[in-house]
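Visitor: I'd like to ask you about the structure that follows.
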Amino acid sequence: MDNPGLQDAGAANYNATNEPYTARDGKWKDSYDPETNAVSQMDLVEDGDENKERGNWSNKADYILSCIGYAVGLGNVWRFPYLAFENGGGAFLIPYIIMLVFAGLPIFLLETSLGQFASQGPIRVWRCLPIFQGIGYTQVIASALVGIYYNCIIAYTLFYLFSSFTSDLPWRTCENTWNTADCVDTNSLANWTGNLSDRVSPSEEYWDRYMLSRSSGIGEPVTVKWQLALCLLLAWIVVYFSLIKGIKSSGKVVYFTATFPYVVLLILLIRGVTLDGALEGIKFFIVPKWSQILNAKVWKDAAAQIFFSLSAAWGGLLTLASYNKFKNNTIHDALIVALTNCATSVFAGFVIFSILGHMALKLNVTVPEVAKSGFGLAFVAYPEALTLLPISPLWAIIFFLMLFTLGLDSQFTIVETVATAICDGWPALLRQKKWLVMLSIAVCCYLLAMPCLTHAGIYHVQLIDSYAGTYPLIIVAIMECIGISYLYGLRRFCKDIAMMAGYQPNYYWQANWAFITPALLTFVLIFSFVFHEDVSYGDYEYPLWAVTLGNLILVFCAIWIPGVAIFWLIVTPGSFMERLRKVTTPTDTWGPHLARHRDERYAHMANPSSGIGAKYTPNDGTKL
């Protein structure tokens with residue numbers, strides 16, 4: 001490192017043995033402990049944890065399935081198909097794939113490589129560039145905020161799942177206590193003389209008037225809906241016990257939760273394509289409208305969809321990769337997960353639009369009139385379409401169980417990201433009590449989610465979703481590319497990856513990190529700001545105080561990036577230029593976690609296991 005005075009003679013002598021640092025030869029290796037100035041013997045077990053202190057995935061499949069489960073979420077099913085339909089059908093795949101190649105994949109590989117190289121979570125991994133440590137705080141805070149409301153959506157799926165265990169789905173007819181005179185079910189539609197646009201379906205009233213019991217605005221004094229509170233409690237119990245042993249338990253749960261949705265999608269596709277009208281629905285999904293490609297909004301939507309679909313910049317990918325064994329090829333992993341994610345989105349489009357095509361035929365309307373996105377697709381349009389199928393309760397159970405498992409995988413990583421950041425901050429105190437950290441997170445998030453369970457709850461969910469998980473994450477991704485490419489050093493980063501994968505990333509990756517990806521994401525950010533619209537839910541426009549609250553959420557997430565940078569510039573000793581140099585160079589604790597993986601560039605690295613308040617430095621004694 002830059003400060004020879006901090007290099008320990010014991011570390012230097014140990015690393016001067018020229019013994020190769022490899023985790024593949026099955027031999028024991030010595031590990032230097034700077035705290036005791038001694039060399040201790042470690043056993044290396046081929047199929048055991050390489051990192052005894054922190055733990056590793058039990059096998060490669062656990063990691064890959066966890067990444068796929070994290071990336072493939074509800075948005076693949078309820079957002080992508082509608083975006084494709086709205087933005088040119090099959091033509092949308094061209095900008096979508098281009099944005100995958102030049103925006104999604106590079107960020108995915110950058111984050112997984114950083115996490116795996118240092119075996120650290122989203123905050124401590126920025127020992128490589130202390131001035132950018134605020135990125136980690138932004139990622140953790142954004143993940144925590146999303147974790148609060150995301151489990152509420154999972155609770156919605158549980159509510160519908162339990163309601164499906166009946167001989168007659170409750171949203172099939174208008175003969176329920178919550179229905180109004182405006183409700184018109186499919187059986188009565190033939191005799192209805194009103195305007196079709198004025199029709200209110202029973203599934204819409206079930207969602208609005210029964211499950212949500214939605215109030216007329218976000219500011220109304222309302223009470224918690226106890227049924228949703230119980231569903232959310234069950235959702236958090238499932239999440240907690242799935243994560244009680246960290247990746248050791250969640251890595252096994254994902255064998256079901258990450259694969260089951262594909263089984264359900266295949267079953268629904270087989271059923272869907274055999275229905276009358278299915279081909280017409282699929283045509284609306286895939287027939288290209290080439291004129292749309294010239295629309296800048298289409299490219300912006302493609303970039304935003306691939307970016308958020310891959311769950312890039314949230315810190316989750318970095319967290320999952322931090323539990324990998326060091327000699328793992330992150331380049332191959334990025335390709336596998338990204339391509340699987342995109343293929344799933346397209347596959348889900350066929351599933352959704354085959355059923356919607358049948359629904360349009362039954363209702364004697366066009367496909368665009370029944371096509372919706374987000375909550376409208378998952379909890380209104382598709383449930384109504386399911387009532388038109390024979391044995392509809394069975395199909396409803398399968399569909400909502402699929403949504404439940406899709407949501408769980410993403411929630412697992414969201415919670416793990418927050419827990420890992422906390423445990424990495426105080427490893428000696430908390431790493432052996434991770435179950436307690438998980439329990440604390442679950443209890444706090446459950447209590448903080450109470451406003452989302454009231455009659456105005458959906459307004460709160462929409463508000464947090466619109467502000468916490470948009471602009472701050474795009475800013476994070478741009479800063480990651482700039483920081484690694486121009487401050488940490490692109491050549492150095494490629495050498496780090498070569499230590500793990502055996503070869504350096506080619507010029508495609510390097511050009512993207514340095515130029516193309518930050519330029520594309522900057523375009524998305526500027527376009528989003530210029531054409532920004534205040535949050536709304538359906539026809540409801542949020543009051544000024546609620547919009548202001550949303551903007552404060554955005555600022556609270558993003559302020560850590562400049563805030564932490566300014567903090568370190570202030571507390572680091574020396575002249576301004578000396579301070580600037582110190583906080584833009586790696587600390588003495590940056591590098592591979594285990595001594596046997598360090599090459600000559602990291603031969604004199606200090607103990608990387610120190611917590612937030614421990615004694616590692618940015619070359620000057622400042623705690624970081």
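Heads up, the Cβ atoms here are built off N, Cα and C, so glycines get one too.
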Visitor: Determine, on the basis of TrEMBL, the cysteine among Cys152, Cys183 paired with Cys174 in a disulphide.
Guide: Cys183
Visitor: Which residues does Cys174 (disulfide bond) neighbour through Cβ under 8 Å, counting only same-chain ones at least six apart?
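Guide: Those within reach of Cys174 (disulfide bond), by Cβ under 8 Å and sequence separation of 6 or more, are Cys183, Val184, Asp185, Ser188, Pro202, Glu205.
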Visitor: Six or more residues out from either end of the transmembrane segment (335-361), which same-chain residues have a Cβ under 8 Å from its Cβ atoms?
Guide: 64, 67-68, 71-72, 76-77, 80-81, 84-85, 93, 96-97, 100, 104-105, 108, 262, 265, 268-269, 272-273, 275-286, 306, 309-310, 367, 369-371, 377, 381-382, 384-386, 388
Visitor: Before we move on, state whether the transmembrane segment (511-532) and the transmembrane segment (224-241) share at least 3 Cβ pairs under 8 Å, counting only pairs 6 or more apart in sequence.
Guide: no
Visitor: Under a criterion of three or more Cβ pairs within a distance under 8 Å and sequence separation of at least 6, are the transmembrane segment (135-162) and the transmembrane segment (253-273) in contact?
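Guide: Taking Cβ pairs at least 6 residues apart, the transmembrane segment (253-273) and the transmembrane segment (135-162) are not in contact, as fewer than 3 fall under 8 Å.
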Visitor: Using a Cβ cut-off of under 8 Å, list the residues of the same chain at least 6 residues beyond the transmembrane segment (544-571) that approach it.
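Guide: That would be 130-135, 137-138, 141-142, 145, 218-219, 459, 463-464, 466-468, 470-472, 475-476, 479, 534-535, 579-580, 583, 618, 622, 624.
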Visitor: List, by number or range, the same-chain residues at least 6 past the transmembrane segment (224-241) whose CB is under 8 A from its CB atoms?
Guide: 151-152, 154-156, 158-159, 162, 211-213, 249, 408, 411-412, 415, 438-439, 442, 445-446, 449-450, 453-455, 457
Visitor: Report, as numbers and ranges, every residue of the chain located at least six residues beyond the transmembrane segment (435-458) whose Cβ falls under 8 Å of a Cβ in that stretch; write 'none' if there are none.
Guide: 144, 147-149, 151-152, 155, 212-215, 217-220, 222-225, 228-229, 232-233, 236, 239-240, 243-246, 375, 415, 418-419, 422-423, 537
Visitor: Please report, as numbers and ranges, the same-chain residues at least 6 past the borders of the transmembrane segment (381-404) whose CB is under 8 Å from any CB of it.
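Guide: Sequence-remote neighbours of the transmembrane segment (381-404) are 74, 77, 154, 157-158, 160-161, 164-169, 171-172, 186, 201-204, 206-207, 260-261, 264-265, 267-268, 271, 275, 352, 355-356, 358-359, 362, 370-372.
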